[in-house]
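Database features, via TrEMBL:
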ACT_SITE  THR165  active site, nucleophile
BINDING   ARG193, VAL194, GLY195, ASP196, THR216, GLY217, ASP218, GLY219  substrate binding site
Amino acid sequence: TAWRVLQLGGSELDAVEKGCGQCEIDQCDGSVGYGGSPDESGETTLDAMIMDGNTMEVGAVADLRRVKNAIGVARKVIEYTKHTLLVGESASLFAVRMGFPYEDLTTQKSLSVYSNWLNQSCQPNYWKNVVPDSAKSCGPYKRPGKVICEEEQTISRRSVHNHDTIGMVVIGGSGTVASGTSTNGAVHKIPGRVGDAPIAGAGSYADSTAGGAAATGDGDIMMRFLPSYQAVEYMRMGTDPMVACQKVISRIQKYSPKFFGAVICANTTGSYGAACNKVPGFTQFHFMVSSPLLSQPTEQVVDCI
């Protein structure tokens, strides 16, 4: 969809918006758009961002409720406000002002995911150091009298399929770069949680003087390292996109060896690459590429490091 927009004369931002928007409509992988990843209260909320690598403008929304086209709303933040990020109920009110309809983001599928989770004593979840024991019960939780810190067990208790994002980097014919993301976040997240997707430099980053990058995976860990920004800076220094992606993943590995995540990178000449962290159940990363050298959108695969 994004490639077609470019071929029909649309801008790089148009391509990102329509490409990510198509995934919202298609409910890609259940992790983008409505009807997926219900939070602890059973509601689906959306995060998205879009970035213009010429002007460095960013539009983003987080914890967006009852509006399906999150990336479309993010684009309107650039076009009609002097802000960068709008959140929660207020972001939804902004969306309605911009002409987006209120719609229910819940589906039979998301209700069933939610009820199954409740029936499994709310496992897995994102609480720690609380009473009652979050590994065995649904709460409501509160702080204990005494705090006993426990190591985070990122992989063992959470599936690598708990969260994903559509991330997109578009390089125009003249080298102009745009990027964007859209996601419904981590399944069973604590209401109000915002991941890496709508944070500039974390979920994605675009700079028409260097390139663009986008990340997917465990946003709570990845956002702490601004991997997309870091990858673009590596490419600015002349690093090959594949190597730039690998360096970013290696940087996070030092602190969180078991994190689930991947990054895609592309520079202004159209070279591209990707990298991912190898964990049980996630040893390869698949991503799609469209370019003048390819007759059709082509799936690429990299082995995780």
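Note that Cβ sites are derived from N, Cα and C of the backbone, with glycine treated the same way.
Annotations in TrEMBL come from automatic prediction, not curation.
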Name the one residue among ARG193, GLY195, THR216, GLY219 whose Cα is closest in three-dimensional space to that of THR165 (active site, nucleophile); these are the binding-site residues. THR216
Other C-beta atoms that fall within 10 angstroms of the C-beta of GLY217 (substrate binding site): 28
Have a look around ARG193 (substrate binding site) and count the other CB atoms within 10 A of its CB, chains all included. 18
Under 8 Å Cβ to Cβ from VAL194 (substrate binding site), same chain, six or more residues apart: give me those in sequence order, or none if nothing qualifies. ASP47, ALA62, ASP63, VAL87, GLY185
